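A.B. asks: Input: one structure, supplied below.
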Amino acid sequence: MANEQDLLSTEIVNRGIESSGPNAGSLTFSVRVRRRLPDFLHSVNLKYVKLGYHYLINHAIYLATVPVLVLVFSAEVGSLSREEIWRKLWEDARYDLATVLSFFAVFVFTLSVYFMSRPRSIYLIDFSCFRPSDDFKVSKEEFIELARKSGKFDEGSLEFQKRILESSGIGDETYIPKSVIASADNCATMKEGRAEASAVMFGALDELFEKTRIRTKDVGVLVVNCSIFNPTPSLSAMIINHYKMRGNILSYNLGGMGCSAGVIAIDLARDMLQSNPNNYAVVVSTEVVGYNWYQGRDRSMLIPNCYFRMGCSAVLLSNRRRDYRHAKYRLEHVVRTHKGADDRSFRCVYQEEDEQGFKGLKVSKDLMEIGGEALKTNITTLGPLVLPFSEQLLFFAALVWRQFFSSGGGGVPNTKKPYIPDYKQAFEHFCVHAASKGVLNELQRNLELSERNMEASRMTLHRFGNTSSSSIWYELAYLEAKDRVKSGDRIWQLAFGSGFKCNSLVWRSMRRNRKPARSPWLDCIDRYPLQF
């Protein structure tokens, strides 16, 4: 693990003019100490890179043998004239017809087996992101006032939440179930949870079915993920009942898997489509905010209250070859990393009751360090699959040099900065989970990304807050609303969550995705990007 001191950063904060006391009328300042992500690209282990190269090694036999066969065949054919080639072919066909027919039979059989055994391409036809009505819109100031009126929080807790909101990167137009904090009663009930889940899921699905114009009975696979709220019957059963889907639909409900569950749901849908040809799959990613709203005084449990907001995404996938012509994206890679075997990682985001018996999510102070370790594993596994060969060669050579020649002359440690791959050469667009402003800042610094690369994530956090597993789809919707996604562009969706997990999706755009007719950004896209 990284040195504790290396994970801390200081910041001088201007507190304004002191209004009372011995220092009245003078400027006051304070020093704020923050935890940050470790420089995980500076401490990459060789075993993580080997995981990524494993995918390439599986195909090394083709890369090694095909050029040799081509060279041998070219040398043999090159020694004959055109007349000799035709004469040999004619003589073989004339006097050894059985051999020729057998050759073509084997050739056709081999090609058939190859194409039938190849994994089917998975296409993203379209997706939608739910936008609540303005009745649920709450500014940061209104948030604190509603919390104060609810009588659930003391002044210390209110002041703590206010400070978190001021530095969160969240704007004044996010959405939250007001009934949770506006009432002194317990509103985190099953009834309220079902009402919120119905509103966000059906809103996103109605838009998806309207945009794609497919019948609900054509959907063969349904995957729903929601970490906190898992009623009986399940959320997937609620959707099947509401839309009267067919009886043999393959439905799955993923619970307790955190903010990266959206990527896991896509991976599961991909596997189901691979074994069920000519089918559609719908993936719904959401989080029911109100059901786990914390009303106690434990500050590590108050943090999720400040970040999580209402949201939901619905994605339509297909494995039908005829959908190639009108699909938006093709799925290229899924890379998943799970650090749950480590106790600290397992407990860094933990749902439990506090001393007063109030249920909430406890966020560990080690979250940044643990998240950095998971990210390190994930991106170094992904690197060999997506980086240009030149970047892979430089990075691998620098890594091997650092592993085996880490000391300079005379036993002096080698302090030379290791080579950091340029992921901007692998992707045109980045959709990093909008967890918090601090996390986005550290990711930008570690991956050496530009402000434009991080724009979709920052603006999504500002406009919609942390919508958990659906946030990476609000970010892609932002890029489409800005008319930036062109044919052939590669998109990296990176999400991380409890467990601790870090997961990546890589998409390739099939066509230029112009500004859509329906999007959660349409009425406000001209105001973005904002300058912070």
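The backbone N, Cα and C atoms fix where each Cβ goes, and this holds for glycine too.
Straight from TrEMBL, here's the annotation block:
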| type | residues | note |
| --- | --- | --- |
| TRANSMEM | 53-74 | transmembrane segment |
| TRANSMEM | 95-116 | transmembrane segment |
| DOMAIN | 114-403 | domain 'FAE' |
| ACT_SITE | Cys259 | active site |
| ACT_SITE | His338 | active site |
| DOMAIN | 428-508 | domain 'Beta-ketoacyl-[acyl-carrier-protein] synthase III C-terminal' |
| ACT_SITE | His429 | active site |
| ACT_SITE | His433 | active site |
| ACT_SITE | His462 | active site |
| ACT_SITE | Asn466 | active site |
A.B. asks: Round to the nearest Å and give the CA-to-CA distance linking His433 (active site) with His462 (active site).
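C.D. replies: Given the Cα positions, His433 (active site) is 13 Å from His462 (active site).
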A.B. asks: Taking His338, His429, His462 as the active-site residues to compare, which has the smallest set of other Cβ atoms within 10 Å?
C.D. replies: His338
A.B. asks: On the DSSP side of things, how many residues of the domain 'Beta-ketoacyl-[acyl-carrier-protein] synthase III C-terminal' (428-508) fall into helix, strand and coil, could you say?
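C.D. replies: Secondary-structure composition of the domain 'Beta-ketoacyl-[acyl-carrier-protein] synthase III C-terminal' (428-508): 39 helix, 21 strand, 21 coil.
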A.B. asks: Near Cys259 (active site), meaning Cα within 10 Å, which of His338, His462, Asn466 (active-site residues)?
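C.D. replies: Among His338, His462, Asn466, the ones whose Cα sits within 10 Å of that of Cys259 (active site) are Asn466.
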A.B. asks: 10 Å Cβ neighbour count around His433 (active site)?
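C.D. replies: Here the count is 29.
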A.B. asks: Cα-Cα, whole number of Å: Asn466 (active site) versus His338 (active site)?
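C.D. replies: With distance taken Cα to Cα, His338 (active site) is 21 Å from Asn466 (active site).
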A.B. asks: At the Cα level, what's the spacing in Å between His429 (active site) and His462 (active site), rounded?
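C.D. replies: Roughly 19 Å, rounded to the nearest whole number.
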